[in-house]
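Here the structure is laid out as structure tokens; the discussion comes afterwards.
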Amino acid sequence: MTSFLTAARTEQESISYDMQRLRLFSGTSNPALAREIAAYLGVPDGPRICKRFADGELYVQIQESIRGCDVFLIQPTCAPVNDNLMELLIMVDACQRASARQITAVVPYYGYARADRKTAGRESITAKLTANLLVKSGVNRVLAMDLHSAQIQGYFDIPCDHIYGSPVLVDYLAAQELNEVVVVSPDVGGVARARAFAKQMRDAPLAIIDKRRSGHNVAESLTVIGDVAGKTAILIDDMIDTGGTICSGARLLRQQGAKRVIACASHAVFSPPACERLSEEGLFEQVLVTNSIPIAAERHFPQLQVLSVANMLGEAIWRIHEESSVSSMFRG
């Protein structure tokens with residue numbers, strides 16, 4: 001499997017392509033990630049104006065010609081989710097009206113993903129609604145990372161490339177030469193994700209926390225299925241929101257004799273009081289997340305390690321532009 005911790009594409013790997021036809025533009029939700037992606041590809045983060053009027057309306061202008069170009073718009077729809085989603089839709093519309101040949105929405109974090117099905121009467125399936133909005137706005141393709149559930153990929157009536165942040169997390173953990181590792185799913189719904197992660201961790205054993213949720217953002221851990229005593233437990237999830245699920249799981253693992261606990265997640269949503277919970281002394285040895293969502297400096301804590309997925313996203317963008325395989329990035 002390709003390592004995505006290298007600085008940039010090497011000269012030997014950089015197959016010649018039409019630089020004038022590949023254009024990157026970032027919204028305002030994560031410009032730092034966009035700059036890293038641009039550096040990996042060796043192309044500029046294109047000039048644009050994104051601003052807000054006094055009444056709260058958003059304005060976007062692309063400040064160079066993109067007629068006939070292959071345009072990639074980098075915008076995770078994290079908090080403030082409604083503003084960032086609307087900004088992305090306006091960017092797409094601006095590019096479409098500027099005669100871009102193809103528009104790809106690069107959405108490292110896909111907001112509203114947890115509303116992927118009806119769990120009660122008269123609810124909206126907002127993950128599908130968001131997909132519809134992107135398609136209707138004029139997007140030709142979506143590049144997303146670690147969607148909350150795999151079926152969301154099928155909500156799009158256009159191509160959707162779904163990539164995973166796990167290789168970046170696995171590369172980091174492999175460099176630490178951990179012994180006696182067990183990969184733990186914080187709930188039954190995450191078993192497939194944890195099993196895939198365990199396979200990448202040299203077929204590490206798997207454990208599951210059986211949990212019942214009593215309300216939104218409230219979770220109760222009941223029992224551990226599997227042996228964690230004396231081992232390094234790696235708790236893996238797609239996102240950490242308030243931290244309730246993963247922290248209650250970590251406490252249970254400690255009670256069951258885990259030597260140390262490491263939390264891994266692609267998306268650091270970190271809604272309050274997540275940072276206070278995650279930084280609790282003696283709970284986690286490390287909390288590993290990616291930079292799919294920007295994390296303000298005041299929300300950092302000693303156990304936190306933020307790993308960049310810029311190279312991986314940049315590689316996927318390059319392959320889409322070159323019409324080569326994206327899925328092969330994650331084979332072998």
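Quick reminder: no glycine exception, Cβ is built from N, Cα and C everywhere.
As annotated by Swiss-Prot, active site applies to LYS211. Look at Swiss-Prot and you will find ASP55, GLY56, GLU57 tagged as ATP binding site. For ASP187, the entry in Swiss-Prot reads Mg(2+) 2 binding site. For ARG213, ASP237, ASP241, THR242, GLY243, GLY244, THR245, the entry in Swiss-Prot reads D-ribose 5-phosphate binding site, with the evidence type sequence analysis.
Here the features listed in Swiss-Prot are placed on the structure.
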{"residue": "ASP55", "record": "ATP binding site", "Cβ contacts under 8 Å, 6 or more apart": "none"}
{"residue": "GLY56", "record": "ATP binding site", "Cβ contacts under 8 Å, 6 or more apart": "none"}
{"residue": "GLU57", "record": "ATP binding site", "Cβ contacts under 8 Å, 6 or more apart": "none"}
{"residue": "ASP237", "record": "D-ribose 5-phosphate binding site", "Cβ contacts under 8 Å, 6 or more apart": "SER185, PRO186, GLY190, ARG193, THR245, ILE246, ALA263, CYS264, ALA265"}
{"residue": "GLY243", "record": "D-ribose 5-phosphate binding site", "Cβ contacts under 8 Å, 6 or more apart": "PHE270, PRO273, ALA274, CYS275, ARG277, LEU278"}
Cα within 10 Å of LYS211 (active site) - qualifying binding-site residues among ASP187, ASP241, THR242, GLY244: ASP187
Cβ neighbours of THR245 (D-ribose 5-phosphate binding site) where a neighbour is any other Cβ within 10 Å: 24
Spatial separation of the residue listed as 'Mg(2+) 2 binding site' from GLY244 (D-ribose 5-phosphate binding site) - C-alpha basis, Å: 12
Env. residues of ATP site, Cβ within 8 Å of mean position of ASP55, GLY56, GLU57 Cβ: ARG52, PHE53, ALA54, LEU58
DSSP state at the residue listed as 'active site', helix/strand/coil: strand
Surrounding CB atoms that lie within 10 Å of the CB of GLY244 (D-ribose 5-phosphate binding site), all protein chains: 19
GLY244 (D-ribose 5-phosphate binding site) - helix vs strand vs coil (DSSP): helix
Cβ neighbours of ASP241 (D-ribose 5-phosphate binding site) where a neighbour is any other Cβ within 10 Å: 17
Other C-beta atoms that fall within 10 angstroms of the C-beta of THR242 (D-ribose 5-phosphate binding site): 18
Inter-residue Cα distance where the pair is ASP241 (D-ribose 5-phosphate binding site) and the residue listed as 'Mg(2+) 2 binding site', in Å: 15
